[in-house]
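Inspection log for the structure reproduced underneath, given as structure tokens.
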Amino acid sequence: MSVTTLNGQPTLNISGPGQTALSRLDPLKKVFTKFFSSIPQKVRGHVVAVIGELIGTTAFLFIAFSAAEVALASANDNKGDKVSYETKSISTTQILFIAFGAGISLVVNAWTFFRISGGLFDPAVSIALFFVGAIDLTRCVLLCIAQCLGAIAASAMAYGLYHGGLHTATTLKPGMSPAQGVIVEMILTCQLCFTVLMLAAEKHEATFLAPLGIGLSVFIGELAGVFWTGGSMNPARSLGPAVVTLSFPSYHWIYWVGPIAGAGLASIIYKLIKALEYETAQLSEGEMHAHPVEDSEKASGHTGPCECMCFKVAAQGQSSAASTLQVATTDARKSSSLVPTKSTKSGNSEVKKTETVVEEPAKTQPKPAPAADDGFFGEMYAD
């Protein structure tokens, strides 16, 4: 094990007899690096995003489907170790369990893949990001394909691992029309996509917490929609079980039209509040006039403290040598700051002492800094 310096930063090299599992994977890393180095940078970026969304969507939906299977299953003593899913109506406890499983699964996986592909896992979210210009059309199409494939893979895994079949298909509640289902899915997906746009696409100090807010958005969306439409909010989530079970209801289209319409509605709302400069909405009119510099900073996305040049110079002046500022001030204010000179004799030569006096500002307490500093910065603040 050794430490080297790369671009001024210390780098840990693992080698020698004390190699770890990470170091033993280096040959595999070299193979991948050699393979992907031949791919253009833009194409490589698409490949990374597609792989991230494929794996992330599979992991997210597999956990969500598994939680739903647990919630829907009920033990049946008369059938031995068999599991019965026959219930008259889904209970609120089951809905809560399903919603929590989907929400917490999204939090964990989105946080994991956030820096790889964005952790979208939903074609509707990808389309919303395309509508606002966050991603281009090529990336959007590739992500949607990867997300659909991931949903099919997750459904196949759940179908093959859990006996009793797959019971996570999204269906309308009896008596609910497709038109009502479209509206429900549109509203719930709009809320989810708007959360993504404000917490992830809109950069701010809490962007790193975006997966938590997005997961909570899925949680409340499932609470509101599972009973009525299955709580899809995700075309891929509805496509996966339908493909694996080869069961496409006649109203399957609502799980595409509703979420895509919701993505468009969320994009319109986002564009509207951006055009209205929502950053300044919390400031009163008096604050807008009293703090024009702070307002402009907030409008440009800078929320840090004001760092005017005069304050920077003042901070530097307090820490620099007082003699430098004294010379500059003396040259600039000779007519008002010089008093008659006093002469002293040293042998046959005469030495003149010059004392500088700076006029104190009226009604101002004396400052501990040198007098020359007060005069210099006094003129700057006066301007």
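Using N, Cα and C of the backbone, Cβ positions are placed for all residues, glycine too.
Judged by Swiss-Prot topology annotation, T171 lies on the same membrane side as G230. Across 181-201, 208-228, 253-273, the stretch most heavily in contact with the transmembrane segment (94-114), judged by Cβ pairs under 8 Å, is 208-228. Highlighted: of the candidate stretches 116-136, 141-161, 181-201, 253-273, 181-201 has the greatest count of Cβ pairs under 8 Å to the transmembrane segment (208-228). Break the topological domain 'Extracellular' (137-140) down by DSSP state and the numbers are 4 helix, 0 strand, 0 coil.
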